[in-house]
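Notes follow once the structure below has been shown.
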Amino acid sequence: LSVRGLRRGRRRRFKLVRQVEQLWHYGHLCLRSLLYNSFTNGDVVLDSLFEPVYWLVDHVTRWFGVVFVALVIGLTSSIVAIVYICLLPLILQTYTPAWICWHLAYGHWNLIMIVFHYYMAITTSPGHPPQAKNDLTGVSICRKCIAPKPARTHHCSICNRCVLKMDHHCQAAWLNNCVGHYNHRYFFSFCLFMTMGCIYCSISGWEMFRDAYAAIETYYQTPPPTFSFRQRAFHKSVVYLWVLCSSVALALGALTLWHAALITRGETSIERHINRKERQRLQKKGKVFRNPYSYGSWDNWKVFLGVDVPRHWLTRVLLPSPHLPHGTGLSWDLPPCVMEQHAPLLAI
């Protein structure tokens, strides 16, 4: 009797476990039938889980751009104020007339170029493709904004629209704007002239920085030196100017060299990654990749800067110029400044 009771108890437990398993499988099958999608995989699930994070980043980073714009204006204004209040009177008293004229001419020219290109880079739209599907032929469709997507056009998740010849959405360089077809030259020129201005301030203020730093080190001696408040403010201002300009010259100079290399190859930051993958893919097949938008190093710079005739090196490069780039960004025909037609190139 005891053995029969144990067997019946086991059978009941097994039956209960089997019923629970059946209910679990049935519930799981119902859930999958309601949520099943043949396109769903692990990547889609992860993207869905991280969608709130993406939304937060896209909306918060827009405010970062406003903060960076205010920061660059404030820092640049402080450097200009220190130069005019502290350094310029010293230059006028100690330098020869020839050096004074050179400093005044170069310093103000550099400042005008920085202000002009920074303002144009912020206020100029990078360019966007038309929304009407009948305006363009032979182009792909953006999967996010469901609109025509011409060659070299990419979708900006922060601006939430496609940008012609998009390079990147610039916040680290304090623009709060996409860098694209119509303001790429302004962005690079701003980086270049800002780097030149910082190097100029660092080299010109090196001797004054050494003297000011040595004077600051004597503040804590016993007995303390008899520096007035104005002298102490002068010492700290010179040290602040030199340290800030040297730091910006190194950081922004590296960014400028990087973009100069991209321009030389006829690429944007996004296209560099695309072309590298395409180059590796074709290399495995024994083929050679050619960038269809590169016309040679020299011609790439002429196209980028808009230099059609020799005098444009002065009027469009060394002086402020609001001229438009070649083309509309919708199609990429041979620019007029490229004299020779190159051999057909392998497109992506």
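Note that Cβ sites are derived from N, Cα and C of the backbone, with glycine treated the same way.
Taken from TrEMBL, the feature transmembrane segment covers 63-87 (among others).
Sequence-remote contacts of a segment are chain residues at least 6 beyond its ends whose Cβ falls under 8 Å from one of its Cβ atoms, and for the transmembrane segment (99-120) they are 72, 76, 80, 83, 91-92, 175, 183, 186-187, 189-190, 193-194, 196-197, 200, 204, 320, 322. Look at TrEMBL and you will find 99-120 (among others) tagged as transmembrane segment.
Marked as domain 'Palmitoyltransferase DHHC' by TrEMBL: 140-273. Residue counts for the domain 'Palmitoyltransferase DHHC' (140-273) under DSSP, split into helix (H, G, I), strand (E, B) and coil, are 75 helix, 16 strand, 43 coil.
Annotated transmembrane segment per TrEMBL: 186-203 (among others), in sequence order.
Outside the transmembrane segment (238-261) by six or more residues, the chain places 75, 78-79, 82-83, 86-87, 173, 188, 191-192, 194-195, 197-199, 201-202, 205-206, 208-209, 212-213, 216, 269 with a CB less than 8 A from a CB of the stretch. Per TrEMBL, transmembrane segment is recorded for 238-261 (among others).
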